[in-house]
Structures are given as C-alpha cells and as structure tokens.
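Record features, source Swiss-Prot:
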- B:Asp64: active site, proton acceptor (ACT_SITE)
- B:His60, B:His62, B:His137, B:Asp207: Zn(2+) 1 binding site (BINDING)
- B:Asp64, B:His65, B:Asp207, B:His265: Zn(2+) 2 binding site (BINDING)
Number of protein chains: 2
Amino acid sequence: MKLVFLGTSAAQPTTRRGLSCTCLKVEGEILMFDAGEGMQVPYLRSKLGWNKKMRIFITHLHGDHCLGLLGLLQTMSMQRRTESVEIYGPPGTDEFVAANARMLGFSPSFPVIMETTEEGTVVDAPGYEVSACRAEHSVEAFSYRFSEKGGPGRFSTEKARGLGVPEGELWGTLQGGSAVSVGGRTVLPSDVLGEGKRGRTVGFSGDTRPTDKLAEFFQGCDYLVFDSTFADEMVKRARETGHSTAAEAAALAKNAGVKNLILTHFSARYSDTDDLLREAQKIHPSSYAASDLLEVEV
Amino acid sequence: MKLVFLGTSAAQPTTRRGLSCTCLKVEGEILMFDAGEGMQVPYLRSKLGWNKKMRIFITHLHGDHCLGLLGLLQTMSMQRRTESVEIYGPPGTDEFVAANARMLGFSPSFPVIMETTEEGTVVDAPGYEVSACRAEHSVEAFSYRFSEKGGPGRFSTEKARGLGVPEGELWGTLQGGSAVSVGGRTVLPSDVLGEGKRGRTVGFSGDTRPTDKLAEFFQGCDYLVFDSTFADEMVKRARETGHSTAAEAAALAKNAGVKNLILTHFSARYSDTDDLLREAQKIHPSSYAASDLLEVEV
C-alpha cells in the first residue's frame, strides 16, 4: 500500500507544488483524495495508470480541490477507459460535474457513479472501509479515513494435525473462524490460527481547523495527512480562513495517538517548509512534510 | 512584442506539454489566447505578472482550452489583483465562468468583463485591433487575428527646418498627418515624415480544419499559430475531429502569404514533433514547432 502525493500546495500552485491531490494505491486500485487543477501531469509521472479501479473522494468544492476532476474524466475517456469511476463528495459535487460536462460538451466513455458524502461509512469494500467526518472549513467539508479490514492470522497446518483435525472441510471451517468438533473434542480457531492481521489506517483531513471531533475520528491512524497551510505565527489567519498551522496539526495528531503525521497543503508563501516541519516535530516527532511526487510505503 | 507559449498539447497534457495557452506580450499588456487547465504554472515560470492589463480570448469551450480560466481568476484574486480582466469567448463562456464561480464559491477581487465573440472586430484598442473569424471545429469555435496599428514615419526635424517650417505648432500639424502652409508654400506630411511603420500581425487558429475563409482571414500575417494536431498519415482522423495536420496548416499558411508558421496543439501521441515539422516545412519552409515556454520575438 502506497501513498502518492500529486499536489501539496494550498489554493494556488507554485513552480514546485501543484494543487491538492493525494492517492492511496491499494492492491490494484487507486483511492484519490481531492483532484486539484493540474493533477494529470503528476499522475502521469507517477505512472498510476488510466484504467485502474478508482474511487475519488472530494473533501470540499473549492477549485484547488476539485477542478482537476473535469480534465481527468476527459483524459480517461480519451484513453478509452472502460472501468467505472466512483466519485464521493459534498452536496453539489454531482452538479459541478454534470453542469461542466454539459457546458464543455463531454461525456465520459465509462460509468461515473456520483455519491454524496455523508458522515459515517462511505464505502464498505471487501478489503477496506472509507468513512467520513465533517471538517471545519469556510464551506461544507469532509475528512476521510481509510481503514483496511483486518484479517485472520496464519493457519497452522502442524497445529491442526497435532490436534487431530483432518485436512479438508474442517480446516476451512476453522479458517473461517468457527470451532469444529473432532472425536468429541472441540477445537477452537484460536488453537490453530496465529495472531490476526491488524488493518492499516490512513486519514485525510482536507482543509480544516483542528477540532476535537476530528481528533476522535483520526484516533490511532497509522498515517494522517493533515492541513498545514500556515506556520505558527499565522495562527490568526489559519483561524480566519478555516485552516490549520503545522503545530496545530501536530497537536491533533499527538492527542489522537496518530503514528505518523504528514503535513501538506502548504501556503504558496513558503518557498520551503523547514520551519513548519520544525514546529510540528517539537510537538509530534513523527511528522513529515509532503512534497509533490513523494511516495510513502504504508 | 513577444509570443510566449504556455501549453502546446492537444486535448490532454503530457509530461512535457501542457494544455492550450499562448500569450502575446504587448507593451505592458498581456493578450492570452485560450487558457487550458494547468496554465498557471508555466505562466508563473514565464514571469508574466499577476496585475498586468490583460485580455483573454477563448477560441472554444472545450476543457483543454478554457478550464484554466477558473483557477487563473482565483489566483489573481488571491494575488490581490485590482486591474480588470476582459474575457472574450463564444456564447456560453460567460455562463461557464459564472456557473463555476457560483458552484465553487469564488468571486474575483477585480472586475471581470465578459464579452461574447462575434465575427469581425472584437477589440479596438489604441495600439492594436483583435478580430475574429469563425473556425471549423466540432463545436462553435473562433480564430483570432491580432493587428498592430501602423504608425506614421519618423518626423525629420532637418527636412522641416530646410523647408522653413518653424518649430512649434506646425510641426505637430505635420506629425498629425495634415499639410501646413509656410510663406505661401504648402508643405505636405510626406515631405517631412519617413516611411510609415507597418503594424505587425499575429494569427491564432484555435482548433480547426483549414478553410478558405481562414486563409483569407490570416492573409499576410507575420506569424500564424495554427492547429497541428496530427501528422499527414492521420488526415482522416483530423477531418473527423475538426483538426488540421501539420501539412494542412502549412498549405494554408502558404496560400495566405503568411511569413512564419508556428505549429502547436500536438496530439499527445507524438513524443517528438520532428515528422510533423518536416511535413510542414516541405510546403512552407518558414515553419516552426512550438514547445512549452518557447518565447518568440515578433
């Protein structure tokens, strides 16, 4: 599983940073969080592929987070994509796509399934779940949390044989999590299965103030990608504009028991992010600054 | 006067070419022809400036020619632009901007003046004129022609003195193009003015088939920036999609007595444009291939 950062600038692009777009590459599938203008070029550079199974999650309807959707749908059509795309976003996302498709005269070559994001579970797929929580921004905005589903531990054929369970149907029953009876004795799944696999979790804040609600939502995330628009000295501006400082992101990550914090969405005024990273690391040492095309193994 | 190419790819961007946008830098003013998605980054790199007098001419409402408008207006607002922007485009351009401003919740910090393009003179400014002509594409599309206004020749103070015209009001009259009477003799402007300055002309085709009408419209242009989506072998596809091949662009330029042809809007299938350029140069030797960030002194 891999995080790929395609755009890490806030509001406007710089010559080094594009607009918001982060992909989570999961087993033959791409989960995209926001699609800012210009995300196609870094998408190409990252070789993520045009016909992969794809779900797109829009945090809010500001151009720097959703304008790239339109060109992306057109390019995927020109690439003769056949696989459907699911797009989740706040109310109005469907109108934004439909109105522009009409005004710009395009119709995708593949099914586009639009779903309005509400709080709670947004996607329940075989291998993972994505849930949403209301963020605090200048417009209606959502944060998302990806949770890989945990798996059972490894089945020990030696232990099963040792306990007299014959190979065949009964092994399947134990692997499925149910007890079996062998010669009058009960064998439990825990007798033959190793420790269960813990699912990995990744959070995406989108644009937001840090809130207690989000700290709870992101509780225990392995990775948290969080709004870090401003340095500490601009906390007033962060409050006014519905964003967070790097230090505020770090404080939330610490309170939420987040393992690794990845700062992103840097104001174009910062030519480098050293100060912001330093401010975050003072509070939460496991903090990193995203850059365009950065890839992180999760 | 300088042509600056910000995006030279057709329909979809590549890692080396962005979407359609060409600027003509004229005496403290920027005339932009199309504004494809992602044009802000090359605009930044070209250091064209956020608060210059600006007129934007949209050829047609396909996303690769107009989507960049939205982010551009937003960024110029964030840069606290005060100077107005005039936008000319086919019917629907105003709705495209207004609907997106509403859906994405932005309002420019400066006046945006929207004008619907019709054939004929579109702008008549003190130093130049821009006119439009219907192109032939899959949707309503316009080509534009920039014509610098010619100026009077240099005023020769020696000749004026030699003919006995005293310095002062009469010099102004001659410079303004009217004859004066000195000691019963008539002195004509042509007696004291050098050869008039011929205005420079630059044509922009946008997406189009080559047509006789356009050959006439672009008659005698110093520079012509023309749709060159395909190589010769794909002429059938060019016909089907309302585009031109490089050779067709060259034939039109030759018939129109165009001095310099600049090919642009290359299909993303071409990793280099050598073949297209060769095909064009066989017909019109003064042909060049545009690339992103290319600057041409006009």
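Using N, Cα and C of the backbone, Cβ positions are placed for all residues, glycine too.
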What recorded positions from B:His60, B:His62, B:Asp64, B:His137, B:Asp207, B:His265 have a chain A Cβ less than 8 Å from their own Cβ? B:His62, B:Asp64
What number of additional C-beta atoms lies within 10 angstroms of the C-beta atom of B:His137 (Zn(2+) 1 binding site)? 21
Pop the Cα-Cα gap between B:His137 (Zn(2+) 1 binding site) and B:Asp64 (active site, proton acceptor) into the table, whole Å please. 14
How many whole Å apart are the CA atoms of B:Asp207 (Zn(2+) 1 binding site) and B:His265 (Zn(2+) 2 binding site)? 8
Please compare the binding-site residues B:His60, B:His62, B:His265 by how many other CB atoms fall within 10 Å of each one's CB, and tell me which has the fewest. B:His62
If one measures from the C-alpha of B:His60 (Zn(2+) 1 binding site) to the C-alpha of B:His265 (Zn(2+) 2 binding site), what distance in angstrom results, rounded to a whole number? 14
Should B:His137 (Zn(2+) 1 binding site) be counted as helix, strand, or coil on the basis of DSSP? coil
Three states by DSSP: which one describes B:His62 (Zn(2+) 1 binding site)? coil
Determine which residues of this chain, when B:Asp64, B:His65, B:Asp207, B:His265 are set aside, have a Cβ within 8 Å of the centroid of the Zn(2+) 2 site's Cβ atoms, and list them as they appear in the sequence. B:Ala10, B:Ala11, B:Leu19, B:Ser20, B:Asp34, B:Gly36, B:Thr59, B:His60, B:His62, B:Gly206, B:Asp227
Are there any residues in the same chain, six or more apart in sequence, whose C-beta is under 8 angstroms from the C-beta of B:His65 (Zn(2+) 2 binding site), and if so which? B:Leu19, B:Ser20, B:Asp34, B:Ala35, B:Gly36, B:Ile58, B:Thr59, B:Gly206, B:Asp207
Give me the count of other Cβ atoms within 10 A of the Cβ belonging to B:Asp207 (Zn(2+) 1 binding site). 27
Whole-number Å only: compute the distance from the Cα of B:His62 (Zn(2+) 1 binding site) to the Cα of B:His265 (Zn(2+) 2 binding site). 13
Other than B:His60, B:His62, B:His137, B:Asp207, which residues of the chain come within 8 Å of the Zn(2+) 1 site, judged by Cβ distance to the Cβ centroid of those residues? B:Thr59, B:Leu61, B:His65, B:Ala135, B:Ser138, B:Val139, B:Ala141, B:Gly206, B:Thr208, B:Gly242
Is B:His265 (Zn(2+) 2 binding site) helix, strand or coil when read with DSSP? coil
